[in-house]
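A.B. asks: Mind looking over this structure? Questions follow.
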């Protein structure tokens, strides 16, 4: 094990462990990028090939759509889709900025999900969004932490109650934690998966993917609930979506914090086992060399002092003679 770097007291005692952790982090990210590249790169190339064929067919079918004409049509279609207008059925809707969708957008701002499907386009709206986020994001963190603590306290009280009434065995506490985890999975993943499949028309894998991307605040925006202008959603759908996001964020944040605590505790106990008496942060004993040096300095000062005393005595005796 490498010795601690004492020449820089402001740095941690075991800097090599931090470097190792950083290397693991970078390697993990690069490995993930390579895997995504292999998994998605070929599919995108195939999709582009199919789209080129479709564009060629469109040119042959509609010869007037050439150059600037097809670009203008594509731009209009993109703007219509972004504004929530259904072109297929020639319907005029309220767009994405309804009250329910606006409330969901506000929730995605303060929770930092940020799907990107809608965003403020006016100058006043953009400025308000900045100040709204500055105040709302810290408030959201405080509220979610408080709710997570209540969830954890309820879980602990349940464990204590069952241990007092039924059995004090440790396995009971472990079983209760497993049941709480399973209930969270059902409430925040399984049930929403079924609802999204019914009202959004997604597959099970797409619905589970959307649930995790949303609750982890990654928020790619490739799948967004209550966002299809060609579908008619129930009145309760947007409100229930906001409640699910709020409590699901608290539950998943609590789960992630538990995982972090487990890793940190394991790392701390490992450092304690490895450190032992060689712990650089432990109580430092005075080296033997320093004690000897002090003794030598004390010894060297004593003859000097006695010499000066004898000289002073001789000077006092001379006048008497």
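Backbone N, Cα and C define each Cβ position, glycine as well.
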A.B. asks: Can you dig out which of the ranges 64-85, 152-173, 174-195 TrEMBL describes as transmembrane segment?
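C.D. replies: So the range that TrEMBL calls transmembrane segment is 174-195.
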A.B. asks: Between the transmembrane segment (174-195) and the transmembrane segment (96-118), are there at least three Cβ pairs closer than 8 Å, leaving out pairs fewer than 6 positions apart?
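C.D. replies: Since fewer than 3 Cβ pairs under 8 Å link them, the transmembrane segment (174-195) and the transmembrane segment (96-118) do not come into contact.
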A.B. asks: Verify whether three or more Cβ pairs under 8 angstroms connect the transmembrane segment (18-39) with the transmembrane segment (96-118), leaving out any pair fewer than 6 apart in sequence.
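C.D. replies: As far as Cβ distances go (cut-off 8 Å, pairs 6 or more apart), the transmembrane segment (96-118) and the transmembrane segment (18-39) do not touch.
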A.B. asks: Sort out for me which stretch, of 18-39, 207-225, 237-256, has the most Cβ pairs below 8 angstroms to the transmembrane segment (124-147).
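C.D. replies: That would be 237-256.
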A.B. asks: Any residues 6+ beyond the ends of the transmembrane segment (237-256) with a Cβ under 8 Å from its own?
C.D. replies: 100-101, 103-104, 107-108, 111, 113, 144-145, 147-148, 151-152, 181, 184, 187-188, 192, 195, 199, 211, 214-217, 225-226
A.B. asks: Within the domain 'Potassium channel' (186-263), how many residues are helix, strand or coil going by DSSP?
C.D. replies: 56 helix, 0 strand, 22 coil
A.B. asks: Below 8 angstroms Cβ to Cβ, which residues of this chain, lying six or more residues outside the transmembrane segment (207-225), approach it?
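C.D. replies: 108, 111-117, 188-189, 192-194, 196-197, 199-200, 237, 241, 245, 248-249, 251-252.
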